[in-house]
């Protein structure tokens, strides 16, 4: 549909876009990324023809744009500009109606039904009918942006060039606008080229991305080929981290700050845990990166307060989430900054140990109630009661994502081994238990100090976790049994 | 009835009223009946048709030309303060006219049209020079830059005119009166001299009404919308200069009409050029007819130059627009 070959151009003697070639097939959306000054807007001007190219070609359906007349080109290609201030304000309708300019001809240029229908549809799609007779200078930046998108849509062109269409829009309007454009693209088979500032939005909506660096194409391809840490970091000169979109197979990036946060001298120490009748509490000075299967704030996140709360055996677990949130608030903690677990074990039966190592230390805390121990290989055969072995592994070090997962695996294996060693049996099957029905595990790290990329048994960290969890679990089970005996 | 129909109805009504007042009020009061029944008072009819009517028609044409040219310049430059006078185009036209008189230029075949054609050339050359210079100074062509450039050119051209006047000696008084702007004692030949240019110029501007709408969003945007910007811009500049030249050739420099009228029209009926242009044309005519009426009756029997009246109204409006733009847009 749109083919660009060795396009070169700029202003005066300055060449800004250098030998850019790419092709956008019909019905596809291409996002253009690049830092400020990389030539994105200049390239758009070259493609739209307002800036004559020094060399190279822009072809629409095999025909060079220089062969098109102004009106003829406007019927093929609509352009969304960046916003400007206006000395005189047209009303919204007048503005959108201008999109029909290339479709009108003759001295009197009568307004046809087709013109009217296109304008009405554009107004409706951008949800601006209610402003129809308002002068545009009275609208907010976001509303004005939608008016200009409507103008471009009213042009009914098969190619849309958008220069930062989501400028001035809040996140909901960004989504709405891009959804609408994408839907139009699919319904009407539009070919779209759009400049984006927001890499994540571009990745989410575009079929293809083009990363521009100093006027050259740095990379072009599907989002996963372009949104890569190394390339983005190099081109934008910013530290970023790549991660998956929660719903779509589109990569997203997160900006990392350039300023180093001041290192905190504080480390996790076993003696800093406080134990009261109602909970085992650890409060960290700095937020810890945490992965857990807790009741409150499970999953990954950064938290400062860690609670293992004692509840009675008859605690109603149906409403545990909101009850636990209330509990946290009443104790003066912030539910958004707290990971909370529950156990029927008395808090005094917690085992907390610190294991020194070459990189720092690992603190492990375990409460083990094995009354409802389960052999997981047979678990599917019968209903389960509630039981809890809660295992916390707090590391003074910087863990990679893999290390978090490996730490979980290692801890689970160590726990199972401890149960085996202690001969804890599944009361229903009579076989050796592997855990209880509702065990929780938590791995947290300061993310400061030594970088620990792995936590499998082969590593020092893995070894510490393995033996530490094993020891703590055995001692915790012993305490539990002793308490049961009395 | 739609808002636009009312706009045209009101404007035409104002113009009709202005014409009737213009031909009946004066040192000799004439009954409006004479307009359609000349036989009722032959003497009055003579004054009406041979003295007052050409004057009123000329005032109307000049007002219409300046107003529509002003509206077009404002749209093209996206500058609410632009008009033939503030841009220095009127001065350019004056230089063209004064040169013609001073050197006694007569271009073959043009005959009586030599004067307006020379004015138009003066206007066009000045317009292009002002735009080129303003762009050189400030690529964005900010409102103030353009007007300041207009003032610089106006002053320079004014000095040229003064020089020529000083060198003429005897015809001094006549040219000074003409410079201040007047439509008195011109008669039908002057109407004939200006009419074709004003009609053609206005028509060409009207043909560019939608292009002017598009250009309000900037030349680049207009091109995206399919406007052949280079060609259209030239058409607008040339016809604006034709209108200014024709008006100046018959009436001298009359300021601010091109500023006040389009501003009022936009204020009341919005800035769609499809209507701003014709409505400015009609209301410009009405305004200048009324101004001329005031200029010749206010301190009767002495006549004030009409430019004094328009400046009296126009300068405060100019100040008001400037104030509002500065306070409002920021």
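The backbone N, Cα and C atoms fix where each Cβ goes, and this holds for glycine too.
Listed features, source TrEMBL:
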- B:12-36: transmembrane segment (TRANSMEM)
- B:56-73: transmembrane segment (TRANSMEM)
- B:85-107: transmembrane segment (TRANSMEM)
- B:113-134: transmembrane segment (TRANSMEM)
- B:146-167: transmembrane segment (TRANSMEM)
- B:187-207: transmembrane segment (TRANSMEM)
- B:234-256: transmembrane segment (TRANSMEM)
- B:276-294: transmembrane segment (TRANSMEM)
- B:306-323: transmembrane segment (TRANSMEM)
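Among the listed stretches B:56-73, B:113-134, B:276-294, the one sharing the most Cβ pairs under 8 Å with the transmembrane segment (B:12-36) is B:276-294. Counting Cβ pairs closer than 8 Å to the transmembrane segment (B:113-134), the top stretch among B:85-107, B:146-167, B:187-207, B:234-256 is B:85-107. As a quick check, the transmembrane segment (B:306-323) and the transmembrane segment (B:187-207) miss the bar of 3 or more Cβ pairs under 8 A, pairs 6 or more apart, so the two do not touch. Highlighted: of the candidate stretches B:85-107, B:146-167, B:187-207, B:276-294, B:187-207 has the greatest count of Cβ pairs under 8 Å to the transmembrane segment (B:234-256).
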